[in-house]
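Record features (TrEMBL):
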- His383: active site (ACT_SITE)
- 19-40: transmembrane segment (TRANSMEM)
- 63-81: transmembrane segment (TRANSMEM)
- 102-122: transmembrane segment (TRANSMEM)
- 128-149: transmembrane segment (TRANSMEM)
- 238-260: transmembrane segment (TRANSMEM)
- 280-302: transmembrane segment (TRANSMEM)
- 366-383: transmembrane segment (TRANSMEM)
Amino acid sequence: TDSIIEVDNDDNLIQFSGFFVLGWMFIFFVIANHFIQFYIKNKSEEQWFWENSLIWSNMFDNLPYVAFINLLMYLSIFLCYPVVKVVSTSNKFRWSNTGRNIIIIFELTFCLGWMYILYQLFNQNWISRIYLFLHSLVLLMKIHTYCFYNGFLSERAHDLRVAEKKIKDEPNNETLKKIIDYSKKELDNQNGDVESLKFPNNVTLKNFVDFTTFPVLVYQIVYPRTNKIKKSYVFEKVAAIFGIIFVMMNVAEIFMIPPAMDLIELSENPTEPYKFLKMLLYLTQLIPSFITMYVLVWYLIWDAILNCIAELTYFADREFYADWWNSITWDDFSKYWNIPVHKFLLRHVFHALKNITDEKTNKPKLSTMGCILITFIISSIFHEM
């Protein structure tokens, strides 16, 4: 079984709890005031108040269909499992010459295929399309880390078998001894103290299902676990999820849409007097709203949703973010505001690039700065998508 630890879900900054309560009270009354005004303005006997709202109408448009597509997308990732299972148990079907190529093709097909499908199905409903696209990227990273981690171990197991067979004829071969020591070290250090999960015993459908439900993007055989679900904590996070979504919808509808529409109208009128000053006015209205939305989205995902999922899945590692608000460099900010993605990029992009070596000199082909630059470029591309 996985290691069991106790998780303290209480706030470390409990001495500031009064300020937190005051802040949320302020947000509640501001949003409540504007929501009541919005409701009175849009309510009529002929239709519901949200039917005149771009944000509200998109948010609740065909939710069962969105959930069904999301389920299909999740189930499609299980197509990679048979490849990993065969690679981990077969002596002929190897990861390095066949398995890796199959998974790379599958990843490209999964990413591009679902991008096309989501664009076709939700061309008008951009809220659903963004949510499903973000989830598809999460699933893509889970596919990659699960397959490449177990693929790497399958190669070490193959090297160990071959070296142990050859060393019987060459007992003094130092190269074979190094291969055996390295392979054993890699295979023995992955499962902690859980001997029953030593590779390839970890490659089971149950283990894969567990990993897909954990709020983590880097696969490992054993994770720290809790032994119970704190219902009060789950209720707190569920309430936070729906509360933050409600606040976000109102911020977008009341504080972002009107100045954005005014900016569009202003840009289409070249003879508008004081055009530049009006543009500055609308921008100063939009920027605080964007900052607020950014913080709310971060809090919704990295605190409310991930902690709720972690509690429901008995997942004990709650290091989803650090104090990014105190960052003084871009490196610190990119590392701390989204630790799950940072860990994925560190293992599967940065270290993967560092391990590309020259066959003659056995030295890395890329410098550390080059690996960092490529990692940031790849990260920025996916963030802009």
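FYI, residue positions are counted from 1 along the chain as it appears here.
Just so it is clear, glycine is given a Cβ too, placed from its N, Cα and C backbone atoms.
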Exercise. Per DSSP, to which secondary structure element type does the residue listed as 'active site' belong, with helix, strand and coil as the options?
Worked result: helix
Seminar exercise, completed: Lying 6 or more residues past either end of the transmembrane segment (19-40) yet within Cβ distance under 8 Å of it, the residues of that chain are 11, 49, 53, 246-247, 250-251, 253-255
For this session: Give the number of CB atoms, excluding that of the residue listed as 'active site' itself, located within 10 Å of its CB.
Result: 10
